[in-house]
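Asks: Pasting in a structure now, in structure tokens, and then I'll have a few things to ask.
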Amino acid sequence: MNVNTSSQRNRLLDLAYIAVFAALIIVFAFVSIPVGAAGVPIVMQNAAIILAGLILGGRRGFLAAALFLALGLIGLPVLAGGRTTLAALSGPSVGYLVGYLLSPLVAGTIAYLAPKKSKPLTTVFFALAAFVALLVQYTCGTFGLMLRAGLDFAKAAAVNIPFVGPDAVKLVIAVVIALGVHAAFPDIRGTRRTAASAG
């Protein structure tokens, strides 16, 4: 297989991965528990977005999130509660959309720094990546609530408190799944050089 054919194959695989994870993120929009004074539901979708970063790396995870949000911009119900991206942009959860876009980039960038041959260190890197990515979602969401709901920082940040426990459980599951996928399909990450370019 020549270099051009291999490069084309890799690009096609990247597109397939991005499309598949964008679809998975949308599917998980319909697994949610309404709770919280600001009307922001506990969803599986935020963990699926972080999972995309952990598995695909920063760049591809970011593109998967961007694709699902773009589909919402054209009117598809891609968010929890059957909302579109446009509807969410005008509501108190707008900041979480920004977090959805940035968190897989952060998660994937950190996760792909993990040494491939050390499972304990890889686990640590993946756990750290998931935690930081969730923090990005919370931070963006907090500032969005300050902007759209008129809350001060303390009250806006407190809105996230009911979600911490469930999100922690979801992150553990996401890390376990990501580790399993990388163990079963090591080529999804590729070499160090490939990870830098594809992740």
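Quick reminder: no glycine exception, Cβ is built from N, Cα and C everywhere.
Per TrEMBL, the feature transmembrane segment maps to 12-31, 37-56, 63-82, 94-113, 125-148, 168-185.
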Asks: Given a Cβ distance threshold of under 8 angstroms, which distant residues of the chain, six or more beyond its ends, lie next to the transmembrane segment (63-82)?
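Replies: Beyond its ends, the transmembrane segment (63-82) has Cβ neighbours at 17-19, 21-23, 25-26, 29-30, 32, 34, 41, 43, 45, 49, 52, 56, 88, 97, 100-101, 103-104.
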Asks: State the residues, same chain only, that lie 6 or more residues beyond the ends of the transmembrane segment (94-113) and have a CB under 8 A from a CB inside it; answer 'none' if no residue qualifies.
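Replies: Hits for the transmembrane segment (94-113): 40, 45-46, 49-50, 52-54, 56-62, 64-66, 69, 85, 88, 125-126, 128-130, 132-134, 136-145, 147-148, 178, 189, 195-196, 199.
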